[in-house]
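Visitor: Structure in structure tokens, see below.
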Amino acid sequence: MFQTPRTQHRQASTWALGLALLVLLAFASFASGSRTIPLADTWAALTAFDPTRDTHLLVRELRLPRTFLAITVGAALGLAGALMQALTRNPLAEPGLLGVNAGAAFAVAIGLGFFNMRSPYEYMWLGFAGAAATSVLVYLLGRAHDAGTNPVRLVLAGAGLSVMLGAGTKIILIGGPDETITAYAAWASGSLQGRGYDVLPWVLGACLIAVLAALPLSQSLDTLSLGTDLGRTLGVRIRTTWVLGALAILVLAGAATAAAGPIAFLGLAAPHIARMITGPSHRRLLPLSMLFGALLLLFADITGRLVAAPAEIGAGVMSALVGAPFFIALARRRRLAKL
């Protein structure tokens with residue numbers, strides 16, 4: 001897709017500013033929390049680690065993996081949202097439409113309620129399995145017998161299963177011990193607290209594989225935006241694109257939700273913000289959606305740690321509180337960019 005020099009300059013500037021802001025937010029995340037660490041000590045913990053100093057241990061063992069997890073989860077949800085909107089050609093689509101959140105929540109509730117799981121690393125795997133199973137079921141229910149995968153049927157199947165699983169989750173939690181309800185509430189708030197190096201590697205690895213599978217779909221997604229029939233005429237393999245895109249969404253959103261809990265707003269808003277800068281080209285839109293997703297979640301996590309210190313508010317709650325009003329104002333200012 002042809003771009004004017006002015007557009008290219010704007011996109012290059014956006015990437016430069018976005019990456020610089022991401023570095024600044026990451027450093028702020030290292031220093032911020034229930035205990036504020038001076039910037040000099042934070043820098044020393046990164047460049048001249050001393051295991052005998054508690055501030056260095058706090059940065060290296062707790063805040064460093066938490067920060068990288070926030071960046072990874074935010075980027076994953078941003079990309080998953082962009083893929084979901086492209087595949088369904090629905091500007092209001094987000095990964096939860098495939099039942100990812102509801103499936104993960106139901107599985108986590110089972111782990112907490114029946115198997116007495118308390119470590120995030122334990123029920124994280126169960127949450128991913130629940131998200132995967134639900135997404136596969138949504139795909140099977142949403143298949144049209146005569147035309148492959150139908151976006152409308154997928155959305156309806158996802159909505160129906162989400163309602164059923166949500167009811168099942170509530171049944172499991174009703175009457176459960178306070179410890180179970182508290183643990184589930186912490187996960188459901190989208191909190192990154194307590195996530196360390198045991199969680200980060202597998203989330204990062206799973207998301208990296210999904211990113212490598214999703215980015216080559218850019219040209220097919222551009223063609224599909226013209227319509228399914230025209231896309232098929234132009235040589236796009238509709239079912240293959242759908243299956244690969246849906247699998248990428250499953251891995252991205254499933255891993256992110258299992259690790260951090262359901263995060264509202266990001267999968268919906270990050271692609272729209274990116275689209276205002278890149279236009280409809282998915283070759284540029286998909287990577288920029290990842291950048292904005294990472295920025296939004298990291299900012300939400302830092303804000304949640306500061307506004308209620310020494311306690312904290314989950315990043316999922318803060319992303320909705322901070323981001324939703326901004327997105328509403330954005331929608332009132334200008335029309336949603338065309339997909």
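Using the three backbone atoms N, Cα and C, a Cβ is placed for every residue, glycine included.
Caution: TrEMBL annotation is automatic and unverified by curators.
Quick caveat, the model's predicted, so the values are computed rather than measured.
So TrEMBL lists the following for this protein:
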TRANSMEM  67-84  transmembrane segment
TRANSMEM  96-117  transmembrane segment
TRANSMEM  123-142  transmembrane segment
TRANSMEM  154-174  transmembrane segment
TRANSMEM  199-217  transmembrane segment
TRANSMEM  238-256  transmembrane segment
TRANSMEM  313-331  transmembrane segment
Visitor: Under a Cβ pair cut-off of under 8 Å, which of the recorded stretches 67-84, 96-117, 123-142, 154-174 contacts the transmembrane segment (199-217) most often?
Guide: 67-84
Visitor: Quick check for me: are there 3+ Cβ pairs below 8 Å between the transmembrane segment (154-174) and the transmembrane segment (96-117), leaving out pairs under 6 residues apart?
Guide: yes
Visitor: Which residues of the same chain, at least 6 past either end of the transmembrane segment (123-142), have a Cβ under 8 Å from a Cβ in it?
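Guide: Distant Cβ neighbours of the transmembrane segment (123-142) are 98-108, 110-112, 117, 149-150, 153-158, 161, 165, 187, 199, 246, 249-250, 253-255, 257-259.
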